[in-house]
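Student: A single structure is presented below for examination.
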């Protein structure tokens, strides 16, 4: 068993890594291992995982993490390590199982050897200890107090590195130290011991002047950075060199006085790594993964960092390279391959340069094969790190890969390089919001960002997590102290000028994207432009096919090329099982700019019409498959364009799933049509969505009301601008339906009234009939029963003339329910029977279920309870088959009310409580009010008077909010009975009198039944 903390937190067994889960379980294990064999309290472990902000369930979650770690160890056949105590846990581990323990033991051995004067043995012990490191200690565990322990271990590593170098010098092992120390001082300029040892190494090499210069440079750095003079050891070394002190030469050393002759001077190892950006932020998990891969004993570990321009590939590559440079003591090579230029570096050109650096004074061989062979020979039996930046393709990289174990390779590219055999490809993503904010703080300054955190978060969103964009914004703020953060956020708010703002000095987001765009083949450039023109948040393959006027497979091939060049990304899969794609917002804006320049206006309009026509065709086909039990409003004006049959077939297999998956794209499609003044398409698509996606019983109560409102308001505005009266009527009717579904019946009637006038003016009989039907339903819900029957009677005549049996069935079912409310049972039964027959003839299972439920209410109102229960059960079975959760709950509630009257209180209560939970989950206030009232009636029947009063009062408040007078009156009648049972006669009389007045005004059956 190998337990590792000196790098990513890992557990290995028999050469196999044990999966530990995410960052939090690893943090828990790290906290236990840092105090191995000692108990760590639960509170301390919670701090290790959540710092000072644990969730309320932290103790339970911590126990879950402990259990998952135990399972992981057990599954690997490892002994139990985590031991439970009453107030904490202990990591009971074998000796030398933990790399930190081995490291500290080797360091102690090295120090003992140094004290004994055995410097060669000391240097070997220190070297062995340092080889245990695989990257930053405790990498990837987040920001908790463990970072302080990680910093302590890092400081110990640096100290041991200094001690190893001092031991090398003392043992006369000077080879390669000058180059190593020079690199270390560049990374740690204020560490005086490193500088002292470099001065000694230079002096021994006969470079006294260079040694003295190192002192002067160090003195200036210490004064500038820390405001102090050099310490006594560094000053003593300086004085000894000035005096040419022979003691500095060390035992067995001889000072070389003619180091300039190349034939006698060994070529120093190359140290070519540029410095990583000082504002490098986050990427802890990626850093840990790369460091881990590059320190494995693979043949030649090759890591490709793939991602779009500006995402931070080079910064990460250089940070990783510097972290592990000490593990590659034979040097580090760095090459710019210029992959995103018109003249990428050729492999032979690069190899020639590398060979000249590795063998100064020689000429490279003449052919690529000979150069590659010589390169591999020179790297054999060496530990060199090779960093290849901005690669264009696999064929550019393959000849540059070492051939023998020992070396490591890091490649950065905007292309995936999937054909590079054996390479580990890291798809470098955008920064999460919190990390993006940290980067902005580093560049702009903590105080600037803290002064207006909301504006800073706006900038983060506007940059889309792209590090280059964030660095540019930070640099602009840093260079313009008079600017507030809000001012820059405001300048970035307009999409049309955002790319103009994202430029500073020689850094420019637009130019970075253009490098990739210019290298695309023509069909990929066209695809990117046209997809940018659409402005969709994501899109399926068929959208690209419509934009390009090509087949699905051809479009998918083009999109995959955009993905492989980091200009698009795969989001998920659509209903057809094909990938759905997205463009980063800044790439989308660039593509939109190019479309305006390179695509003529007629071509742009044609692209939009093809794509939006495809959306319209799909939505209309799916609306026919979504059972609403209502009457669809459509106004496509013949603009729908059929899409590939495969797409339609897969979407029709799961219409509700398709609508949920495409919701945001559909909304943007309507808004795009409106913005381009395509009023006919905007109206048609919004109307089709109203019928299919928004009014479907399963969908509407997932609360798409904001989407419904957005699409209709956008389409309504463009319809009015275009004087499209029929389109305006259709959208007003759709808004009337929206407010009906939201239980805002007065607003619903207002919109429907406006729509009715426009439909009549346009002599659109179907629109008029549909709107009359909706008005009848709205009046019924408000208790305006005569008015409801008036609208429904007119609608019935029109639907009969139009020979539309499904619509007529809907009207008759509504009319039957109104007659039940009025107590006109013969008329009610006639309408409901007609509706059932019509629905069954039309094959509408949902309509049949709705009518059976209405019939059960009819029988319950007449006191025919057994028949009412049977019909409720039949309706429930239909809705269960359809998967209609809302109507399942409604049937459950109506069945429960019947069972209350049958005296079956226990089962009724279970039915009602289940119904209430489902209805609340669906956020249906009308259903909640009904169910609360039903539960109040049950409480009253069982003598739970105070519980009944509470439930009925809550229901009454909801009815008042919904402005449903008739249902409010029925609840007042129930409350009157509760008040009477509680002995409050005055309250009972008041409630009953108010209820009777409402019943009278609405001509409800209760007025007669109660003796009015």
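Heads up, residue numbers simply count up from 1 along the chain you see.
In case you wondered, yes, glycine gets a Cβ from its N, Cα and C as well.
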Student: Between 194-222, 223-251, 252-280, I'd like to know which one TrEMBL lists as region 'Disordered'.
Tutor: 252-280
Student: Mind checking how the repeat 'TPR' (729-762) divides into helix, strand and coil residues in DSSP?
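Tutor: So the counts come to 30 helix, 0 strand, 4 coil.
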Student: List, by number or range, the same-chain residues at least 6 past the repeat 'TPR' (729-762) whose CB is under 8 A from its CB atoms?
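Tutor: Contacts with the repeat 'TPR' (729-762): 630, 633, 635, 683, 686-687, 690, 694-695, 700, 705, 708-709, 712, 715-716, 719, 768, 770-772, 774-775, 777-779, 781-782, 925-926, 962-964.
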Student: Over the domain 'OmpR/PhoB-type' (1-93), work out the mean pLDDT and round it to an integer.
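Tutor: On average, pLDDT over the domain 'OmpR/PhoB-type' (1-93) sits at 86.
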Student: DSSP on the DNA-binding region (1-93): how many residues come out helix, how many strand, how many coil?
Tutor: 39 helix, 19 strand, 35 coil
